[in-house]
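J.: If you scroll down you'll find the structure; I have some questions about it.
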Amino acid sequence: LPATTDSGVKVIVRMRPLRKDKDEGDPIVQKISGDSLSINGRTFTFDSVADVEATQLDIFEHVGVPLVENCLAGFNSSVFAYGQTGSGKTYTMWGPANSLAEENVAKEQQGLTPRVFERLFACIKE
C-alpha cells in the first residue's frame, strides 16, 4: 500500500513507569522517538509513543480531544485499550482504581473516559 494510505486507525503506545513497590529490574523498553520504541534492541514504529512521563492530561490532549472533534464532526470514534494485566489500561481509561467507585477523583488523575465525556457534553452545551 502507498505510504499515504490512511486506515483511520491510530496505534498509540503508552509506556508505564516501573512499579516502585516491586523490583522489576532494568527497563527493556526504551522510547526512541515520538513514534518508535525499542524492545530488547528491536525497533517498532507506531503512530505515537507516550513515554513514562506522559500525564493523564497529555493522553487526553493527544487522543481524547481529536476523538471528540471527530465525533462532533459526525464521524464514529472509539478507543481500544489492549495490554497485559497490570499494564495500565484501566488507569489510562478511567484513572486510579478507586475512581470507578468514587466521585471525587483529583482532576489530574482522571482518565481518558471521564475527560472525553466532560469535553463532549461541554461542546454540545455550547
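Keep in mind that glycine also has a Cβ here, set from the backbone N, Cα and C atoms.
Summarising the annotation, TrEMBL assigns ATP binding site to G83, Q84, T85, G86, S87, G88, K89, T90. Sequence annotations record features per position, and here TrEMBL assigns domain 'Kinesin motor' to 8-126.
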J.: Using the recorded ATP site (G83, Q84, T85, G86, S87, G88, K89, T90) as reference, state which further residues of the same chain have their Cβ within 8 Å of the centre of those residues' Cβ atoms, listed in sequence order.
T.: R16
J.: Which residue counts does DSSP yield for the domain 'Kinesin motor' (8-126) in the helix, strand and coil classes, in that order?
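T.: Residue counts in helix, strand and coil order: 44 helix, 19 strand, 56 coil.
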J.: Tell me, roughly as an integer, the mean pLDDT over the domain 'Kinesin motor' (8-126).
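T.: For the domain 'Kinesin motor' (8-126), the model's average pLDDT rounds to 89.
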J.: Validating a neighbour-count step here. Other CB atoms within 10 A of the CB of G86 (ATP binding site): how many?
T.: 11
J.: Provide the number of Cβ atoms within 10 Å of the Cβ of K89 (ATP binding site), excluding the reference atom itself.
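T.: Other Cβ atoms found within 10 Å: 17.
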J.: Fewest other Cβ atoms within 10 Å: which of the binding-site residues Q84, T85 wins that one? Let me know.
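T.: Taking Q84, T85 as the binding-site residues, the minimal 10 Å Cβ count falls on T85.
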